[in-house]
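S.K.: Features from TrEMBL:
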| type | residues | note |
| --- | --- | --- |
| BINDING | 153, 154, 155, 156, 205, 206, 207, 208, 209, 210, 211, 212, 213 | GTP binding site |
| BINDING | 286, 291, 293, 299 | Zn(2+) binding site |
| DOMAIN | 100-263 | domain 'CP-type G' |
| DOMAIN | 114-261 | domain 'EngC GTPase' |
Ligand SMILES: Nc1nc2c(ncn2[C@@H]2O[C@H](COP(=O)(O)OP(=O)(O)OP(=O)(O)O)[C@@H](O)[C@H]2O)c(=O)[nH]1
Ligand SMILES: [Zn+2]
């Protein structure tokens, strides 16, 4: 195998990517996006690192649909020009995509990371984990098509990490949960074991959860600036404004995303159902198929709450996320009346 081929494999190349690139062979190079900034992207490919600006086709597509904007993790076709310019000409179809609500809420959303195999939801144990945030990130993960896992950091700072893990398990049915201390090294190898076979792991979570610290530990070198370093160099805590893709040669790929202050979702009902499999299972047993789980007779959801099998707060958060999903669906349909009706229903249900 050539060095160039090895580099592509290290970047997570699959035969599927190879097939998608077929039409571009010859005039283009295959490369994966490591970071996106204004007007261009840092990429890595068989020939190494390269910076490209967005080509006309890409810019036209983005004008129509924000989701067409190249994102970290995307596989792309890149073109070299005689005047030394390099342009990103096409984004190959995404196998999975983590999509969040765009900051301005004017469009469908923005891709946080693409072609991810495992979404690592990173949440700190100190301060206390935010169960609602973990649920939202799980919805984000289920909606991406990738497999979620929860990593609880800073286990060295709390007296009962196992008890806290059990609490988190209540809001993460069917999802593996790892306890990690980047200071003591606990759990780091277990997480590292998931980076194999050219798989791509993306770390998502709030600022300060320890994503960059973990990335550095797993990479074995400091590839990310972390909170402590940033504080020392006086640039403040929220300086991770760019996303980065890190290759662990012979193992896989890590994507460190910037801390999400608020997780705006563009979730659909299916993603909510994935993250709330326990609640949906109860709902499936209600007497009426269109049960609203409010006052209906034979409501298995209300029964579960009464019996202590389902936490009332979790039920409330499920309702809220379902309303959000319904509103998103209405927005996306472009049907003004559906949006107004959904907003109206929202007001009454408050
Ligand atoms: N005690 C303890 N501190 C940790 C642990 N992991 C990270 N920290 C500290 O927590 C702070 C934040 O860590 P970062 O890795 O910068 O957090 P981040 O999630 O990357 O934050 P953003 O880049 O803002 O999204 C730093 O001061 C770390 O040293 C841990 O397991 N235990
Ligand atoms: Zn019901």
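Just so it is clear, glycine is given a Cβ too, placed from its N, Cα and C backbone atoms.
Give me the lay of the land around each of these features.
M.R.: The secondary structure of residue 207 (GTP binding site), as reduced to three states from DSSP, is coil rather than helix or strand. Of all the Cβ atoms in the protein chains shown, 15 others lie within 10 Å of the Cβ of residue 207 (GTP binding site).
In sequence order, 286, 287, 291, 293 constitute the residues six or more apart from residue 299 (Zn(2+) binding site) in its chain with CB-CB distances below 8 Å.
Taken together, the residues of the domain 'CP-type G' (100-263) have an average pLDDT of 87.
Secondary structure of the domain 'EngC GTPase' (114-261) per DSSP (helix as H, G, I; strand as E, B; remaining residues coil): 46 helix, 34 strand, 68 coil.
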S.K.: Only counting partners 6 or more residues apart, tell me which same-chain residues put their Cβ under 8 Å from the Cβ of residue 211 (GTP binding site).
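M.R.: Correct list: 122, 203, 204, 205, 224, 256, 257, 259.
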S.K.: Just counting, how many other CB atoms are there within 10 A of the CB of residue 213 (GTP binding site)?
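M.R.: Other Cβ atoms found within 10 Å: 24.
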S.K.: Relative to the mean position of the Cβ atoms of 286, 291, 293, 299, the recorded Zn(2+) site, which additional same-chain residues have Cβ within 8 Å?
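M.R.: Apart from 286, 291, 293, 299, the close residues are 283, 287, 288, 292, 294, 296, 298, 300, 301, 302.
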S.K.: For the binding-site residues listed here, 209, 286, 291, which shows the highest count of neighbouring CB atoms within 10 A?
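M.R.: Answer by Cβ density within 10 Å: 209.
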